[in-house]
Each structure stands twice: as C-alpha cells, then as structure tokens.
C-alpha cells in the first residue's frame with residue numbers, strides 16, 4: 001500500500017539516494033571497463049565494484065530486476081519500490097551520459113545480442129546468469145558485509161563471463177537501459193528485461 005508519510009522520512013530518502021549513487025557508480029565502472037577488448041575487464045570491474053558497494057552503501061539493490069521481485073512479493077512498499085526504480089534508472093542514465101562523453105565508441109556501451117548466437121540463446125544465458133546472481137544475493141543477505149560483498153561480487157563476475165559472449169552479461173536492466181537511452185541504440189534491448197522474478201528472502205539484497 002502507498003504510504004505518503006514515508007516521504008517525510010529521512011530513512012526513505014537515504015535509501016533512495018543510496019540506490020541512485022550505487023547504480024551510478026556500478027554502471028560507470030562497468031561502462032569504463034567496456035572500452036577494453038574482451039569480456040574479462042568488464043566482468044572483473046563489475047564484480048569488484050559490486051563487492052565494494054555491498055560493503056559501503058548498506059547493500060542497495062542497484063538492480064531493477066531485484067527491486068521488482070521485492071515489489072511482487074510485497075517485501076518492499078510500493079512507494080519505496082517505485083522511488084528506488086526511478087533512482088536506479090536515473091543513476092544509470094547519468095553514468096551512461098558521462099561515459100558517452102569520455103569514451104570514443106558509443107556502440108561499446110550497449111549490451112546487445114552477439115553475432116555468434118540468436119536472441120533466444122542470449123535470453124537463455126541472461127536468464128541463467130541473473131538466476132545465479134539472485135541465488136547469491138539470497139545467501140549474501142545472511143552474511144556479514146565483507147563475506148556478502150565477496151559472494152555478490154563473485155556472482156556478478158561469473159555471470160558476466162558466462163553470458164557476456166552471448167548477451168553482454170548485463171544481469172541488470174538499468175545497466176542496459178542507461179546506454180540505450182543516451183545512444184538511441186535499442187537492438188534486442190528486451191533481452192535485458194526478461195529476467196526471472198525470483199523472490200528474495202530479504203530486502204537488503206542487490207547489485208548486478
């Protein structure tokens with residue numbers, strides 16, 4: 001249910017700001033690494049920054065797929081969830097706009113289906129990578145910050161390496177949406193949003 005009084009809560013706005021900041025940092029780091037050839041740099045950058053953010057910003061979701069899962073299972077209020085989604089998308093767009101100014105090749109920013117496979121194969125790999133990330137997020141919710149960060153970071157890196165050659169290994173709709181908006185390249189963008197809606201056990205899970 002909507003709770004307008006939440007808007008007067010400092011905790012509410014700190015949570016929304018954390019989502020925007022975490023997504024901006026995550027997307028910015030991943031896009032910067034995308035300038036390097038091959039998937040290894042992007043996977044390592046995504047995994048490392050995920051671990052850092054999990055330990056420093058109180059584990060924000062920073063991922064619309066996980067936020068939508070929390071909304072669907074009523075583990076997150078509608079107002080907080082909607083604000084979190086907007087904050088995540090805004091952070092991703094800001095990071096993508098900055099990356100577009102800094103990097104010479106717009107195309108390298110966008111996750112897209114590889115010429116080596118089909119859209120169906122890309123969807124299958126993206127679904128698999130996101131599923132294993134969700135499982136890692138559930139486990140990380142029961143662990144202390146350093147161990148939880150290691151679990152999440154490893155899952156992001158592993159998923160990016162596995163799905164990267166087929167779908168770009170996004171596992172995060174905001175990471176794909178930001179570059180699509182600033183570049184106008186929407187090829188097979190739907191693949192990044194067709195993730196499994198696995199219900200998290202705890203609202204303090206995220207990344208990826």
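Just so you know, glycine gets a Cβ as well, placed from its N, Cα and C.
Taking TrEMBL as the reference, the stretch among 122-141, 182-201 described by the feature transmembrane segment is residues 122-141. Among residues of the same chain six or more beyond the transmembrane segment (78-102), those with a C-beta under 8 A of the stretch's C-beta atoms are 1-4, 6-7, 12, 15-17, 19-28, 31-32, 61-64, 67-68, 70-71, 109, 174-175, 177-179, 181-183.
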